[in-house]
Every structure is written in C-alpha cells, then in structure tokens.
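To start, the structure under review is shown below, and the notes come after it.
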Amino acid sequence: CSSLTGIMLLEILLILGTIIFYFLRSRKKEETLSFKEGWWGRGQKPDTEEDATIWPFKVETTEKDLSDLYRRLDEARFTEPLEDSCFHYGTNSVYLRKVVSYWKNQFNWKKQVEILNKYPQFKTKIQGIDIHFVHVKPPCLPEGQSAKPLLMVHGWPGSFYEFYKIIPLLTDPASHGLSDEHIFEVICPSIPGYGFSEAPHKKGFNSVSAASVFYELMLRLGFSEFYAQGGDWGWLICTNLAQIAPNHLKGLHLNLASVTNMGFTHLLSILLGRYLPGLFGFQEEDVRRMFPFLKKGLYRILSESGYAHIQATKPDSVGCGLNDSPVGLAAYILEKFSTWTDLEFRNLEDGGLERKFNLDDLLTNIMIYWVSGCIVSSMRFYKENLQKGIGTQKHEKLPVQVPTGIASFPNEVMHTPQAWAQKKYTNIVSFHLMPKGGHFAALEEPELLAEDILQFVGKVEKEQLWRKK
C-alpha cells in the first residue's frame, strides 16, 4: 500500500512539475538574448566609426620563432611516470618523449603551414579586436543552385584547424560520395583569444560576446540568413547566436548539447531513469551511456573537470607556465585529445592518441597555440563564462526555438539525452545517436558529422522550417 502511495505521489509531482515547466516556458517564448555591443580593444573606444575592411591573412612564422621552439624542446625536463599509470595521471611522459622526438626530428611545420594556407583566410576588426576566419567557397556549383553559408565554431583546446577535414565534404560533397543537394560556403572563425584572433584586452568577454562578434562577422560578409554548427565552446556560442538572432539563423547543428539549467524533472530522471526509462523519454542507448549515474555522471565530472576549475578561477597562473614551455603545452593539450576522444584511452601508455589522429594533425593544433601565444587568453574564456556560477546567466534560462539538429557521439565525456535537450532546444528537427566518435567529431569523424549536417539541413530546407519559427 505504501509503495502504491509513493508511486501516486511521484506521478502527481511529475504532472505538477510538467505543468509549471510548460507555463514558464510559454511565458518566455518570445524573449531573445540581447546583442552584446562591446569594446575589447586597448584603452578607450575611439569616437570614429570602426573600419569594416576585410583583409587577407596567411599563417607565417620566422626562423627565429622555430629556432626558439627547438631550443626549448631540446632543453625540456621530463618526469618519470609512475609504473603502470598509463594516462590516468595525465599525459604519460614516456609517450610524451616520443611526441617531442617526432616534433624535433620529423614534424615538418613548413609543410603544415602550406596545408593551413590552402584555404583562404582573412581578418577584420570587430568591436576593437582583429577577428581571424577561414572562408571557403564551393569549387563549383550545379546550375541553379546556391551555396548555403555555414558558420562553424571550434572550442578549447581546439582551433579552426579541426574543420580542415570536414570543409571539403561540405563545400564539394559530390566529389566525396555525398549528396550534393545542399552545398555550403563555410566560415570558420577563431574565437577571440584563440589562434590568430586577437585576444580581448578587457575583462568580461564571454560566449554571448563571441556570439555577438560572429553575428556581426556574418552580416559583414553579407549573410543575413545562415546556418551555424559547433561543439565544445562552439555549442554555447552558436546556441547564444540562435538566442540573439533567431530570425537570421536558419538552423543550428550541434555535436554537443549540454544542459546547464537543471530542473526538477532532470534530477528525478537521474534518480529513476535507469529503472523507468520510458517515463522520462530515455532510449535504451541513453540508459547505457548514462547509468550507473554516480560512475558515468558525477564521478566522471569530478575526475575530468579539474582543468575547468583552474581555468574558471586562476587561468593566468597555469597559463603562464604553458605559454613558456612547448612540452608543457603539448602535455596539457594532448591529454584532452586522448581522454575526450575515448575515456578508455586512459588505460593505454600512449593515450590511444594515434588510434584516431595522426601526430601531424595533433602537433599542428598545438603549434597554432604556440606560435600565436594564445594559451592564456584561451583559458581565460572559462573564467569569463563560469565565474558567476553555472545556471545563473540569462542565456542559460532562455529556450532556443531555431530548428536544431544534434549529433550525439557515444564517447563524449557527458551524455545529454534528447529528453533533456528538448527542454532547452524546443525545435529539435533531428537527434541522432552516432555509432562512434567522441568530443572532437569534426577532426575524428568528419564523414559522419558531414552526413548528419547534410541530412539536418535537408530537413530544414525541405519543410522550410526556419520560416515557421
């Protein structure tokens, strides 16, 4: 009898919670996020209007830069790892020695610079800082077809280079065995403070600031309607963009969709979702990826988020050390490319890094951080976004009504089921549980991600869903 009463009470609470949720959501329905007009340059904002010129950019390094790098690599001090520690304590220095040896003796940075420069790159000044971006147009278009502008945003510790393998699949899909029903013109900016975008000189540059800058960039390029795609910080920046300019964003595609504003039903589903998955809209795969929640949720967050706590509190302290040591920088970044690609890689002495990536790609990404000296400013982005606490920002409480596609990769550190995502993203057009892959999807599984973007855009275009927002 008592168990029956408990179930009835649970049902009543669920119904009440659902009613309250939908009531609150309907009240916020028309609300948007304000465009953040900032000035991030040095000193006072000038009275004159900002120069909107766009100029070409190429990656260039000097012999002095390279000789300084090789000297530092030669003088690196390594600490012997604990026996059988693999990657559980971070990057294993036995493997790190191999990476440094390859870096010094085989890695051809000049060749990689040529690869970086194979796509057109540009800069333009927005809100006082120089914004770097890659802009790739289709090599050819079928008669009567136009390219769809697609903004692609990276995260940390990635860079615009993450998209180099997926760009040709989107700008020239037919040559890569994909449907050419939709062809894209791809714009990949570097987040301010990352890569070759100038770092903000003032406090407060967060994801809403970045979204505002990129919105201005797309308008400056002549795109009043476009698609946006992102994972990691790109997820949040593109989400904010959808909240700022819902009438300009035709569709939002994400390969990470974290929910930071947890409600009562979320918490209840954590407690009971394993036993009553249908009640919470969980699929079998959701249960497999999420439970037991202590192990796959709470403990995983605690064991894998130490870096975020440091970067959200005192980024400059650690950042100064990493900016002074290429080996330290590599150790810090490589660990993320290992663990976030597959947590099981912690059990391998080489972190499984070369199972999904090659050293040339990994070192090219690290070199972008090294030659631009951006590690400190990239880490500060965590402080700007998290210092006020999770769930406290206006954008975290606002729903997203733009047509949304989500590609959920199985080895992402934390899984977000569709039942959770749709409370934030109220217009999910496609949600796919991907067969393989992790956090750095565009670099690791470019074909899978490209296919998902293409099918998502196909649905949006066919039903003209952006017109129905």
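Think of each number as a place in line: the chain as shown, counted from 1.
Cβ atoms are placed via backbone N, Cα and C, with glycine included.
Listed in TrEMBL:
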TRANSMEM  6-24  transmembrane segment
DOMAIN    56-163  domain 'Epoxide hydrolase N-terminal'
ACT_SITE  Asp232  active site, nucleophile
ACT_SITE  Tyr382  active site, proton donor
ACT_SITE  His439  active site, proton acceptor
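Secondary structure of the domain 'Epoxide hydrolase N-terminal' (56-163), assigned with DSSP and counted as helix (H, G, I), strand (E, B) and coil, comes to 37 helix, 24 strand, 47 coil.
The two recorded residues, the residue listed as 'active site, nucleophile' and the residue listed as 'active site, proton acceptor', have Cα atoms 8 Å apart. Taking only the Cα positions, the spacing between Tyr382 (active site, proton donor) and His439 (active site, proton acceptor) is 18 angstrom.
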